[in-house]
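Marked as active site by TrEMBL: 20. Positions annotated as Mg(2+) binding site by TrEMBL: 20, 207. According to TrEMBL, the feature substrate binding site maps to 21-25, 33, 37, 65-67, 69, 71, 188, 194-196. According to TrEMBL, the active site, proton acceptor annotation covers 68.
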């Protein structure tokens, strides 16, 4: 794969992707939904490779929501098998390429075998200095905020934190994603235009790119298209266009 030519200063530091459309893609081809999930793993490989070539610092992939447990048992079992594959086979390739893997979400719902695989995969890549790959599993934005409030409440109750000290920065520091930058670019595949309870706090100033492409069909070109679109956006963070331009000219 060729090296892409983008200025690093203009690139999103953190790209998050809601990988949607596996089941519908499979059904459109007369295949069972699980066929789509298996092909979705191929799309993950392609996307990680392309993001690394672009020199993006952090990629977060929404793989399994807390609500997804309500799906048919067979489908959930296949998704768990694919997660084990990711943690067993794929992580070796990530480690080889100096990538750091982190699993984001409520891990207590998983069995002991899965929890052990998660710990092993994270430890294997923990010291790597390349792109950070967050896989969000059994994750929900509301759950993340509730758990954050609980942690802060414990500190307040013990007297370590005064209520007046609670700020946006403090909340950010207590989130499960506290070690990574807020999301710059959110990509959602399959044509759906909603965030589906995904990283609600971290998406505050994200640019949102919605593509009709189903996730199993998502390739390098689609990521490049999304990044190119992002680079063309004017990020104002509450300011006017004139204020943004004046700031740029003063740099």
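The backbone N, Cα and C atoms fix where each Cβ goes, and this holds for glycine too.
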I'd like the Cβ neighbour count for residue 207 (Mg(2+) binding site), meaning other Cβ atoms within 10 Å of its Cβ, all protein chains included.
19
Express the distance between the Cα positions of residue 66 (substrate binding site) and residue 207 (Mg(2+) binding site) as a whole number of Å.
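Given the Cα positions, residue 66 (substrate binding site) is 24 Å from residue 207 (Mg(2+) binding site).
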Measure from the Cα of residue 188 (substrate binding site) to the Cα of every one of the recorded positions 20, 68, 207, then give the nearest.
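Its closest listed neighbour, by Cα, is 20.
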Under a three-state reading of DSSP, tell me whether residue 207 (Mg(2+) binding site) is helix, strand or coil.
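It is in a strand.
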Let me make sure I understand the structure: which of the binding-site residues listed (25, 69) has the fewest other Cβ atoms within 10 A of its Cβ?
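Each of the binding-site residues 25, 69 was scored; lowest Cβ tally within 10 Å is 69.
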Between residue 207 (Mg(2+) binding site) and the residue listed as 'active site, proton acceptor', how far is it from one CA atom to the other, in Å?
25
State which of the following binding-site residues has the fewest other Cβ atoms within 10 Å around its Cβ: 37, 66, 188.
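Each of the binding-site residues 37, 66, 188 was scored by Cβ atoms within 10 Å; lowest is 66.
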Work out how many Å separate residue 21 (substrate binding site) and the residue listed as 'active site, proton acceptor' at their Cα atoms, rounded off.
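Here the two Cα atoms are 14 Å apart.
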Can you tell which of 21, 23 has the most other C-beta atoms within 10 Å, given these are the binding-site residues?
21
Can you name the residues of this chain that are 6 or more positions from residue 195 (substrate binding site) yet have a C-beta less than 8 Å from its C-beta?
18, 141, 186, 188, 203, 208
Can you check which residue among the active-site residues 20, 68 has the largest number of Cβ atoms within 10 Å of its own?
20
